[in-house]
């Protein structure tokens, strides 16, 4: 998920400038991304014979003939690769633009915006980094691809534009503009330098309690702002949280949001919308009843991931994850991160209560509960951390065969449970924050889940008790066998 607006930029890569704000310049070397937006047939300057790199560069207006000649002198050759490198190194064009021009594509604008880089793929379309040609302001441009411009997708895109236009909070990515270039519809938002929370955790490992609280509390304030307007995000996850180098956090990707009082008018109403790793039980069972408390559950799952580096229910496919959100309890976070205090774990547990009535009741309360750690901006030491009993919300893991294996728990293949039945499906060993997205149209009856009942606590108790009884039985059997 990219810092600019929360799209999935999992293709990776690092900028030749090596700065945090240019994470995707190397990945921008791949030319097809813009070709999916503007085909050669759509280029008014296209000809049956693709233009040479020199012709494309000059025709685009990005490079003058004299500047191109100077680049040739610097390169010492007219080879396109060498000249392109000289132009990039001198700051005339970006590496992304160079690759587009080498492919013969000369249209690199959307209205008044000059496309400078490809950022990634979002839920509603592709996202590009751009600069306003008059104002010089860097921004992110989200584009609805023409080949996906169906009536429903256009309606959803216009809906996102209207939603973002009314948002003005320091904790939410702001929208600047929207427009249409030919048949291409686009939305312009602020460009947020930095990275998304998912990439931050994957790169640096789990955050301390203070770091996590500082980020999540800001997101909670942005979420409270949206809730006060009657908006529900519906897709809270680490990839949709952008973090700047100085620690500011912004909530992005309002594209899946819905008005809390108008879900029936949403074309996606009655369908599960979101990412499987972060779906609340009620969002799975009854999508029409989704509300602010569903966002709080997802934010709790996000906080769990932030301090452990693992999603609450890793492994399996989307259906398996949905079932476990409804029926099972996650591993206690301190089994993955022993430094966590029990008070901090209690906040996560209260955010992830399966019963919405027992959950933290507002995003503002989440921010308030996290304030002690956020204000300190540092985690408690292991000596300060409470090592008390497991919280009711967590399922303890099976005992390791050797003490040394305790530290290997985060990567243990059975991380998803402790004896409880799980679906061993493709991809079960590689689950992370971005896997398991449920697309629009994933019908409710495709999820094999049951209603929560009073029998569930008993089932959890049995899941813990049965392995212990089996162990005792095995020991007794061993002793008896030894006596025979």
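Cβ atoms are placed via backbone N, Cα and C, with glycine included.
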Segment assigned the feature region 'Disordered' in TrEMBL (from 379-419, 420-460): 379-419
Neighbour tally for residue 142 (ATP binding site), based on other Cβ positions within 10 Å of its Cβ: 29
Assigned conformation of residue 142 (ATP binding site) - DSSP reduced to three states: strand
Overall pLDDT of the domain 'Protein kinase' (113-374), taken as the mean: 87
